[in-house]
Structures are given as structure tokens and as C-alpha cells.
Amino acid sequence: MGETLGDSLIDPESDSFADTLSASTSQETTMVDTEMPFWPTNFGISSVDLSVMDDHSHSFDIKPFTTVDFSSISTPHYEDIPFSRADPMVADYKYDLKLQEYQSAIKVEPASPPYYSEKTQLYNKPHEEPSNSLMAIECRVCGDKASGFHYGVHACEGCKGFFRRTIRLKLIYDRCDLNCRIHKKSRNKCQYCRFQKCLAVGMSHNAIRFGRMPQAEKEKLLAEISSDIDQLNPESADLRALAKHLYDSYIKSFPLTKAKARAILTGKTTDKSPFVIYDMNSLMMGEDKIKFKHITPLQEQSKEVAIRIFQGCQFRSVEAVQEITEYAKSIPGFVNLDLNDQVTLLKYGVHEIIYTMLASLMNKDGVLISEGQGFMTREFLKSLRKPFGDFMEPKFEFAVKFNALELDDSDLAIFIAVIILSGDRPGLLNVKPIEDIQDNLLQALELQLKLNHPESSQLFAKLLQKMTDLRQIVTEHVQLLQVIKKTETDMSLHPLLQEIYKDLY
């Protein structure tokens, strides 16, 4: 058991999924290139892994599922740290995919261009304060999210502008005695009552301060909000500490965060735009422009492109399994579960997590590849011969809907932990402790979503529904693999993936 996690997957003599889990977290090892994405999108074959894919040494027959001694797994140190961190906010952007024959790029035209800070990994709109997962100040007039301290009160951009226009133009509205309720959706219906509400909450043209909320006041309000939450629910402090711990582990385990990926997709980085691969010619051109980790020159490959892309996905999946396994070990209580149950949870959970995180690399037109250096179009992937052309389309369909939820990395960190700790997986020996851990994670997720997305009251329920969708995607993926097993007799699966797919749905 002294081998490292990386060695257990690269060495052709070590192909057990349990070996992957049993690698000691106390050792400082280099598993994979820390700049690699954590989902299967680097298309190509690694020279080190070619022996594992040898058609004679490994067939498509699935090897028996085995377990090993997990005594080397060390429990990660878990500190109860107050949860305080600025989270990324991702807006909706239009992606204008501009394809050129020899110079391809992704052109983005956001309605309100954000700027990207590599240091803080934040998206910030020019007219908004940086998002904070605990910062949910409401407009005193309509209840919408306040953009700052305007005319003496916390107000949104809409009410600030309404009050300014009314005062500047000296507008007089028709009297209304209905005392209309002013909220986000109705604020434009009765201008008289809206202006009266502005005055009632204290908006004044003579207010000393207006504009963005002062940092000192923001910190004070943040402390008050945290204190109020903790007083209402004493357990919330522990839940926020758990969320902070999971986020930190997430950042360490997965080198390419959603914030970084979306920055690349929206062109808000100092790096050059990713090279667009949309046909065979651009694929060949891409080999000269993109530093692929796994790929060997197309001219030197005897296998067709569809098979090479499929095999490249396999090796990226293997790396993703490594990263997900390390993250799972950081979930409080996971390493204390029955050792066979740890293997079962990962066996069933890894691909659901891979497709969850793959969505961050996707838009409706394509997917980032090779650490964001390239962008392979959806149409090109669909054009591959069957059954290979059918593999990615369900993932794109899921990604478009999943990305509409506008989750950020702090949300995803908890969500993937919930996926791992699913107590209804087949073959579990001791379900109760698994369900106890997941219950705690679900509470942390619900609190996180309420604080981070106060305007989306149904987000928690919608997100749980996505877990069902993910299982269906994995089921369809396994079915396609069975088709390949019958039609592509000269192909083989990576041994680790063979073990994972055995008896999976």
C-alpha cells in the first residue's frame, strides 16, 4: 500500500479501483498535472498509458471488483472555521462562436462585461459589489438585491434610479390611496406608492452618503447577518464551517474551477482565446497550436479520430477519478465509513460528479479542452461516426439546463459531496452513518443556497432533482459502452474504468 495514487493508475500492474482509494493522503504525492482540468475533455492518448490500453493485455471483459486494506487512509484535519468568503457570480452571456479556417477563437459579447481577477477568482460587474455568500442585503423599497447605499438607505439600482429621476425632474404622480405593496415584480405598477415607499424608508436627496456601500458598513452588516443566523439556528455556524472546509478542499482537489473556466469561455482572461476545433482540418491545425498533454500527432496515429477522442476521454476520466477520490477523503466522516462502502460510494458517484463538473466547461456550442487552450464544438463531436457521435450530446443537454441554475464553486463543492454520500447505492453494508453524513451535507447545502442565492427560493429543490437526471445520464452512458463492446471488438477500456462500470446500473 506504499504506492502513490498516481502510480496505482499509471502502472499497468495496478488497476484496482480500491488501490486508488487506499492511497495514503498523508503522503505528499504528485497525482496529475495540477493545471489539468478535472473532467474528461483532454482528447488524446498519453504515452505512459498506452500499455494499459494494449488490445492484447486488456480486453473489454470486466475484471472482478476487489477491495484492499484501507488502513493507510488518514483522516483529514477538520477545523471549525467561520465561513467567510467572496464567491464568484456568473452572469448570462451570449457566446458568439467565430470559426475561421486557420485562426479560430471564441468571441464573447456580454451585455455587461465583467472583469476577472485571477487573485480572487471573482466575477464582478462594474455596477455591483463583489458577491459574497453571506451578503444578501435587500433593497429597503422593493426587496430586490441592494446594489449599495443610495440616498441614505440600501437600495437596488432600479429604485435608486427611480428616486433620482423623480427628484431631478420634480415629477408629480397621480395620487393613489390603495397603499400598494411594493416588491420586485410590482414596483413599476404604481409610481405614486413606490415614491411614498422611498420616502417612508428614509430615502433623501440630502442624504450625506450615497453610492456603493462603505467597506466598514459592509463588514458590520455581514457580522450582524452571521450573528442573526447563528442565533436563529445554533447549528448554522457549524454548517457554514463545513461549507468553508469543503470549498477549501474543492480548490485543492480540482485545479480548474468553474470561475476560471467561465472566465476563459467569456474571454475575460489575459490569455489568448482558446483555439476552436470544428472539423478535421482545424483538429490537425490544433495539434500545432495546442499543447496537448496526451495526444500524439494525427499523422502518426493508425486509429481513426473518433476512437482516439474516445480513448482520450477515458484517460481524462481516470485522472478525474483520482481527483474526486482525494476530495472524498476530505469530507468529514467519509474515511471512517466501512472500507467496502467507501469503494461503493465512489464507484457509483464518480461519473455523476464528472458530468456535473463537465458542465462548467461547456456552453451550448461546445466544450473547453486541454486546460482551456482549445474549444471543441458540439457539432464536430456530433459528426463523429456512431456510436461515438452520441456520447457527448446528452452531456451538452444536461449542461445547458444545469448552468442555468448559476451555481458557483462554493455551491458545487457541497453538491458533489452530497452526490458521493448517497445512501441508496446498491451493495452498501452500513447505510445509517452514510445517511447521517449526507443529512448534514444537505443542511449545509440548503443554507449555502439560501445565503448565496436569496432570490432563488426553489433552487435547493431544483438542484436535488438534477441528481436524478445525472443518474439517467450515467445509465445511458453505460448502455452506449455496451454497444461499443459489441461493435468495436478491437477496443478496450482502461482497467480502472472497467472496474467502475462493472454491474453499474
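Note: Cβ is positioned from N, Cα and C throughout, glycine not excepted.
Summarising the annotation, Swiss-Prot assigns compositional bias 'Polar residues' to 17-26. Marked as phosphoserine by Swiss-Prot: Ser112. Annotated DNA-binding region per Swiss-Prot: 136-210, in sequence order. Feature annotation from Swiss-Prot assigns region 'Interaction with FAM120B' to 205-280; the stated evidence is similarity to another entry. The domain 'NR LBD' annotation in Swiss-Prot covers 238-503. Feature annotation from Swiss-Prot assigns ubiquitin cross-link to Lys252.
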Would you mind pulling the DSSP three-state label for the residue listed as 'ubiquitin cross-link'?
helix
Take the region 'Interaction with FAM120B' (205-280) and average the pLDDT across it for me.
75
How many helix, strand and coil residues does the DNA-binding region (136-210) contain under DSSP?
22 helix, 8 strand, 45 coil
